[in-house]
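Features as listed in TrEMBL:
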type: TRANSMEM; residues: 16-35; note: transmembrane segment
type: TRANSMEM; residues: 79-109; note: transmembrane segment
type: TRANSMEM; residues: 116-135; note: transmembrane segment
type: TRANSMEM; residues: 147-171; note: transmembrane segment
type: TRANSMEM; residues: 183-204; note: transmembrane segment
type: TRANSMEM; residues: 224-241; note: transmembrane segment
type: TRANSMEM; residues: 248-272; note: transmembrane segment
type: TRANSMEM; residues: 284-302; note: transmembrane segment
C-alpha cells in the first residue's frame, strides 16, 4: 500500500485524481439517465413498442444515442478513476449521479422530487465526504498478473460463481415472470454483472496505466481476458438497464440500482483486492458508516411506501398517472 491507509491522512495524488474523475463521471452519467429515457419515450411513441417489452426501436432515435454518448463519456471517466483509486472510494461517489438524475428528472421528466428526496441528496453528499476522508490508499501494482492472481483466489472465485448462478436464475426464470412488475429483477441483474465489470475495469485500467507508463501489459493474455469480461458484463448491464428505465420511474430505478451496485461492488473489491487490509478498525468503521449514510440517503426518497412501489403499484411509467389530455400533450411535445 502507498501511504498506509489510515483514516484522516492526506489524500495521495492518485486518490485525488480518482476522486475528480469520479465526480465528473457522476455528472455525465446522471444526465445520461434522463436523456436516454427521453429517447426511449420518443421511440416508444413512434413505434408503439417499448424497450421494456422487447422493442429496439430506440436504436433509431438520435436522442437515445446522445444519452448513450453522454453515458460513455461518464463511464470512460469512471474507468480511468478506477485505475487511480480503490473501488471502495470511487464507487460510493457515484451517489452524486443519483442527485443529478433526481434533479433533472424533477424538471425535465416531471418525476416529482419531494422533501425526502432533498434530504436524501444531502445525506449522499455527507456520506461521500466521510468515505473520501477515510478511504484507503491505492495498492501499488506492477503487473496485470498480480491482479490475475487476486482474481483466482478461492474466495473471489466463489463470489464469481455465485453471481453467475444468480444472474442465470434471474434472467431465465424470474425476468419473464416478474420483470415487468418488480423493479428488483432488472436492477439486480445489472448490479450483479456490474460488480464483476468493475473488477475487470479496474484490472484493465491498471494495465493500460502501466502500459502508458512504459511497462507493456498488452502482451499478457490476462489483459485481453479482462477485456472480454468487461465487454460481456457491460452489454448485459446496458440491455437490462434499458428495460428497467423503460418500465419503471427513473427516480426509483436510479437509487435502487445504485444501492445494489455499490454494495455488491464494494463486497467484490474487498474480497478480490482486500482494500481494507492494513487499515485501522476506526477507518473501516468510518467508511462503513459513511456508506450507510449514503445508502440511507438513496432510500430516503423511496419511503414511506417502499413496499407498494417495489410491488409495482407506483413504479410503472409516470405517464400512467397522467390523465389522457396530459398524455397526449406530452406525446405531441416529445415527437417534436
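Glycine is no exception: its Cβ is also placed from the backbone N, Cα and C atoms.
Fewer than three CB pairs closer than 8 A are found between the transmembrane segment (147-171) and the transmembrane segment (79-109), and contact between the two stretches is not assigned (pairs 6 or more residues apart).
Among the stretches 16-35, 79-109, 116-135, 224-241, the one making the largest number of Cβ pairs under 8 Å with the transmembrane segment (248-272) is 79-109.
When the stretches 16-35, 116-135, 183-204, 224-241 are ranked by Cβ pairs under 8 Å to the transmembrane segment (79-109), first place goes to 16-35. Under 8 Å from some Cβ of the transmembrane segment (224-241) lie the Cβ atoms of residues 144, 147, 167, 186-187, 189-190, 193-194, 196-197, 200-201, 203-204, 207, 218, 253, 257, all in the same chain and six or more residues away from its ends.
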